[in-house]
């Protein structure tokens, strides 16, 4: 489930390309729903190429072509490789469907790719336009002969070549490409429903969000903050994390839940070692109510088995019972190092490690239980005066904001700060 | 007196000065303070960032505030060089650059970096293919100014940006946009720039504040340490009044650009035509240059003598960029575009602002004639 880094992988053929060919991921196996997936896909691609006004999209069955018209291939490739549902991208050279043009372009294409000595090679030509005078087999020879003659470094291997030059002859244009750069894959965002995700300021939950989105799940984030015990900066950090995530989804909804009252109510019960369990259950209950309100059908967390006290199997059992919704834990079986690697690649890591106290480290007991007892926990909760109301109050006081990749959105409760700003100063 | 030195420092708009005053009085709190007054000051800076980002067509998070364009240029060049030593130790710039770029590169050169200075043609324009030809695998940064501050020549930045990235996509592209912003179209995105410097006091904002656009994902080695201000890139208590008023000037310059050009271009063209008809002068600016700068030489006479003579006739002009005008040496830029030493010593720069009128230009023309006449008589007398 690693995100790819196309900037590193793309050969120099991007300089030569006038189109990008986008191939779709596993959802192409779907039957009747396919056009819904493809249309969602097209919408996301459109959003990504928006900053490049000269680029033009052509949708075909099972693929999308992006005509560059002078826009930078490398940048677009990097942006599009992040679009969920795209499995691979090829930089394509388009020429007139004439043999000499095709051969000439093929030579220059290989020149740009600059294969190392010993590279095995084959041409894979496809004649889509049946009036073209040479058949596919014939074309393989007509193109490969001059290429092999010019590039002595190449030798032929028709079964498993290291370099496969592909030629597609169509009525108006012939396409030449040889690189297939892996993209992020998965499902187009939103095609697998919606979930609420518990977003802390840590490393794991943003990765869980990205992983969920990659499976086509639309994610709304829930963050719990404990002002004045935690700072404005800590909350801003989560908004910034949501902003990084929104690069993959276009926008993201973030529910900021004031958690101080709930959290301090646990502090008075004299059972310090249970606080973490109680707190996590309260978070799930609040997230569940938000999910019901927003029409989300699952809750996602960044839990990873055994990482901390609340992520032992007994803890997950007791905590998970606080909700009836499916609890999705995309990172549950991953090692920390793998999670860190993804966080770095999706761009959340540097933010996540900023040192602000969040509500999970607040009032943290010396020895939180790793093996809570469900009956005891339920008993404690039932004895807390006004517990249900307090949770409902937290839900009601949640501030919802919409975060976009290039915006500078702030939560509504900061609006009074901004009200000191006089617009005529700017 | 008529002021013709807008390219050195433009008089601030009244509303800019008002903003500075009000903010000094009302928002004196340190934006880093934890209390509410601090948070308000911080919110003002964030709003200023949004305003600047909108004017430049970029993301707020990509705007960094500095103390001025000199710092922005230093931070862009040395910050990139020190950050990316692993990519190599080669920098490309041009012979035309402002001293803050030029000398930053010389400093790096003295520290063992290799610097290629691309030469402009005689109109003061560098060719994209020549810049691209200098790009290598170990080229960390290319720095090219938008509009030359002495002669007003305009560089084909979009072409340069594209050509550089085509050779080495990892090479960073810095644009010193100080004299171009508000006068010519195009921002960092249009040029494919990773770094872009601006100075509000050239566009009727306050001094003591500068902008550096840092493309998302670009890392710079901070030159000032001591706090996490400006995303950790520049420590130091923010100059809040100047930042907010600077944002205002940036916004106004972007909004008024079309109007500015349509008013000033005819005035500049008129002055150019006038100067062409005076045989003693040789022009260093061309029609293709920026709309607000006219530079010419009076070969054989030091530019400062001419400038003082014009001042006696009520015209405040400069000899070249203010940052180098007190030097007695011939202009590096004029030598680079192939002028001889005589001409390079005798340069005069006229720079326009949005307040100039045709009557001002007529007065300048009369003063120029008067100055030539007076200098002729003096020269004759001295011989």
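Glycine is treated like the rest: Cβ placed from N, Cα and C.
Sequence annotations record features per position, and here TrEMBL assigns domain 'THUMP' to A:74-180.
Annotation for residue A:311 (ATP binding site): same-chain Cβ neighbours under 8 Å, separated by at least 6 residues, are A:303, A:304, A:305. Secondary structure at residue A:311 (ATP binding site), taken from DSSP and collapsed to helix, strand or coil, is helix. Per TrEMBL, ATP binding site is recorded for A:198, A:199, A:223, A:224, A:280, A:302, A:311.
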Fewest C-beta neighbours within 10 angstroms among the binding-site residues A:223, A:280 belongs to A:280
On average, residues of the domain 'THUMP' (A:74-180) score a pLDDT of 91
DSSP output for residue A:198 (ATP binding site) maps to strand
Quick note, residue A:199 (ATP binding site): same-chain residues at least 6 apart with CB under 8 Å of its CB -> A:205, A:206, A:209, A:221, A:222, A:223, A:238, A:241, A:242, A:254
The DSSP breakdown of the domain 'THUMP' (A:74-180) into helix, strand and coil residues is 37 helix, 33 strand, 37 coil
So residue A:224 (ATP binding site), by the Cβ count within 10 Å over all chains shown, scores 28
Smallest number of other CB atoms within 10 Å: among the binding-site residues A:198, A:302, that is A:198
